[in-house]
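The feature transmembrane segment is assigned by TrEMBL to 108-141, 153-173, 180-201, 221-240, 261-283, 314-336, 364-384, 390-413, 434-453, 465-484.
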Amino acid sequence: MRDGPVIEQGVDPKIDHIHLSLSTVDDATHRDRNDMARMGKSQQFKHFKFGPGEWRSSGDGVHLYRDICRLPFLGDFNGRDCITASSPTSGGQYHWVSEYASPRYQKFLSYITGWLSVLGWQGGFASITFLCGTLVQGFIALNNPTSYTPERWHGTLLTFAIALFATFINTYAASQLPSLEGLILILHIFGFFATMIPLWVMAERVDAKTVFTEFSNISEWPSTGLAVLVGQIAPIFSFLGPDGATHIAEEIKDASKIVPWCMVATALINGTLGFVILITYLFTMGDLDTVLHPASGFSFISAFNNALGSAKGATALASLILVLEICSAISILATCSRQAFAFARDNALPFSSFFANVNPKSKIPVNAVMFTTTVTLLLSLINIGSTEAFNAIASLTVGSLYLSYILSIGAFIARRLRPEPLPRARFSLGKFGLPINIFAFFYLCFAIVFTFFPGQRHVTLQNMNWSVLVWGVVVVFAIVQYMVHGRKVYEGPVAYVQKAQ
């Protein structure tokens with residue numbers, strides 16, 4: 001077993017200075033070319049120098065405005081950083097499983113992992129666009145409590161609008177994405193202070209004893225401890241998608257160094273901001289019953305309204321979060337399309353040649369972008385008939401992505417325990433690497449169980465967490481698809497790695 005990654009000969013193992021730039025470049029570094037050659041892939045995308053927005057792609061920091069970061073998630077992030085450093089590819093988890101799993105099982109496991117990741121991210125884009133649409137409905141309901149009655153079809157049309165806007169940015173304005181990400185970073189930091197300062201200054205506060213020593217088991221679970229474990233689903237969703245940066249790695253200059261550090265920065269920066277926001281929210285949220293049953297449908301809007309005493313002021317503050325959520329939708333669409341493109345490039349999807357096509361002029365996988373948008377538009381139509389049915393289908397995101405993380409980290413651990421050399425990497429956790437990988441693996445196995453729990457002990461058809469059913473359908477679908485199609489045409493990325501070597 002090897003404790004650390006092999007450093008490429010002639011490359012300074014120290015981390016050199018990261019230059020911030022928003023300019024587009026088509027020339028890859030020699031390290032990027034070496035990485036792509038080792039993985040047996042051709043470079044099809046434009047490269048961008050590291051811009052300050054890349055750190056956002058490792059999961060949605062915006063969602064941290066709702067919940068606390070927890071230490072286990074840092075292990076989850078770091079458990080993937082060193083894997084990304086050695087194999088910076090848009091394929092992400094399924095590529096890692098193929099390269100690091102036992103040769104006997106790599107083909108089947110990587111194929112299943114690929115489907116889990118593709119469908120999980122598709123559900124993620126549907127979820128974020130629906131969230132943005134219903135946020136707009138929440139603003140309208142807050143400001144027109146007597147004259148506006150929210151209708152499901154309103155939410156669907158707003159979801160359409162958000163999805164189509166994100167599609168426009170990812171196709172016709174794709175060259176401006178680095179600059180847009182820079183603006184998002186500024187808005188992200190500005191939004192933190194713009195939303196927190198009014199709460200610090202204007203809101204009534206409860207005492208520290210109430211915040212830190214009193215617990216409310218409103219869902220009537222048998223114990224407070226179990227209620228806390230079930231409540232993990234909120235921070236789990238907040239930290240979902242740390243692989244996002246990985247799926248755009250083929251478009252980032254010097255990706256084998258930049259992407260892992262972006263993933264670490266995401267956890268540290270957003271985790272710190274999220275903790276401050278959580279504590280502030282607990283001190284200033286006001287009446288618990290009002291927060292749990294808000295007229296707008298969103299608890300944080302009620303907290304703003306309680307602090308400012310003005311619906312318009314609360315709407316203004318909450319609009320900052322809406323803008324950031326829309327920006328997240330743009331980033332998530334980019335991730336979804338690159339994941340689908342990569343899986344198709346390895347001949348794993350039906351009509352793979354179509355979805356793996358990259359527009360020669362824009363260097364964007366336009367077909368994969370349109371596929372993701374179409375899936376979201378079709379799913380959002382379900383909301384017209386039943387919001388519960390839409391949420392059930394969209395909920396496949398958490399379980400599917402978590403299982404893909406478990407499989408990829410597990411494969412990496414197994415490879416580290418075998419007496420075989422690992423690919424060269426420029427990011428290392430040193431002697432802590434393997435313990436962190438093992439910790440992340442077991443925590444993910446533990447946490448995924450609670451993602452399937454209902455939010456309340458007394459379950460009805462309306463409040464049931466149907467994600468376990470949808471997740472099961474996805475797994476069965478992936479297995480059947482492998483038996484019918486995948487085993488005949490899919491070799492797995494490791495086959496291209498071996499051919500390149």
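Quick reminder: no glycine exception, Cβ is built from N, Cα and C everywhere.
No curator has checked TrEMBL annotations; they are predicted automatically.
Note that the structure is predicted; figures quoted are calculated from it, not measured.
Ranked by Cβ pairs under 8 Å to the transmembrane segment (390-413), the stretches 153-173, 261-283, 364-384 are led by 364-384.
Contact between the transmembrane segment (108-141) and the transmembrane segment (314-336) is present: at least three CB pairs lie under 8 Å, with pairs separated by 6 or more positions in sequence.
Among residues of the same chain six or more beyond the transmembrane segment (364-384), those with a C-beta under 8 A of the stretch's C-beta atoms are 45, 122, 125-126, 129-130, 152-153, 155-156, 159-160, 163-164, 166-167, 170-171, 174, 333, 336-338, 340-341, 344, 354-358, 390, 393-394. The transmembrane segment (465-484) shares the most Cβ pairs under 8 Å with 434-453, out of the stretches 153-173, 221-240, 434-453. Counting Cβ pairs under 8 Å that are 6 or more residues apart, the transmembrane segment (434-453) and the transmembrane segment (180-201) reach fewer than 3 and are not in contact.
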